[in-house]
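Residues or ranges marked as disulfide bond in Swiss-Prot: Cys136-Cys139. The FAD binding site annotation in Swiss-Prot covers Thr268, Asn269, Ile270, Lys271, Gly272, Val273, Phe274, Ala275, Ala276, Gly277, Asp278.
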Amino acid sequence: MKEEKQLDLVIIGAGPAGLTAAIYAIRAKLNTLVLENELVGGQIRETYTVENFPGFNVISGADLADKMEEHAASIGVNIDQFSNIEKIKLSDDEKIIETEDVIYKVKALIIATGAKSRRLPIPEEEKLHGKVIHYCELCDGALYQGKDLVVVGGGNSAVEAAIFLTKYARNITIVHQFDYLQAQKYSQDELFKHKNVKIIWDSEIRNIVGENEIEKIVVENVKTKQKTELKADGVFVYIGYEPKTELFKDSININKWGYIETDENMETNIKGVFAAGDVRSKLIRQLTTAVSDGTVAALMAEKYIGGK
């Protein structure tokens, strides 16, 4: 039989939003637990360098995540890492989170589950994922020393990944569905300094032929419908993110893209249930906005609990 625990607050997710919320909650003397089924730090761990977070001119994403985790631990934040949630029941009157070992009955909940990389929409993605299709340049870039790579996407993540991969790859081809890059101008300028990078505009990958190695990559121009073939050793994909909201879709208002809808206080349609960070429906998703969301969510959770 599973153990039952009563808590003031559970925070699901230990990225920047979740850790910030936890720091504020502990300082407010709330009996708080953070549940995280992956590495503490979230997407920031996969970021090569962070240059727009106040207090650090340049810092690696992993180092910043470590500093956030250390800060949280230093004031007593309790993180149950690699904990999987099996069931969740949310209403105005009760909030129950069930993991493999424990049933938590809580007064308030903050959802900070973040988002995951959107998969390359081709038939071969599943069988080639982790072999020649990758989503993390920091994790897998070193495998391609002196080889040819394709990077898919044109936003900040794609451009910054391409810049990072130039230290390993012989040549890099960016395949982008538009005729312009959406990345920040600073990153674009850095990219264009590298002579071994070229861009195929208005195009998408349709197929990758091969079993354990790439034989050819079929690329289609989205305007002319003309197909061409590329040769490469690996493909790194950065075509946006999908929110991790599967657990909550039956109880919380979620928009058509899967993001949780909240008011300006981070509260969802259920009283006492808040959302923060990239999982929330909003215009801008940045490290600094995630931290801001976590702050507001924790303060409003404290106010909600105090009013019960």
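Each Cβ is built from the backbone N, Cα and C atoms, and glycine gets one as well.
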Task: Calculate the distance in Å between the alpha carbons (Cα) of Ala276 (FAD binding site) and Cys139 (disulfide bond), and round it to a whole number.
output: 27
Query: If H, G and I count as helix, E and B as strand, and all else as coil, what does DSSP give for Asp278 (FAD binding site)?
result: helix
Message: Spatially, which candidate from the binding-site residues Thr268, Gly272, Asp278 is nearest to Cys139 (disulfide bond), comparing Cα atoms?
response: Asp278
Statement: Cβ neighbour count (10 Å, all chains) around Ala276 (FAD binding site) is 34
- request: Quick one: pull the CA-CA distance for Ile270 (FAD binding site) versus Cys136 (disulfide bond), whole Å only.
  value: 35
- prompt: Which of these binding-site residues is closest to Cys136 (disulfide bond) if you go by CA atoms: Thr268, Gly272, Phe274, Asp278?
  reply: Asp278
- line: Cys139 (disulfide bond) falls, by three-state DSSP, under helix
Sequence-distant neighbours of Thr268 (FAD binding site) in its chain (C-beta under 8 A, six or more apart): Ile111, Ile252, Asn253, Ile260, Glu261, Thr262, Phe274, Ala275
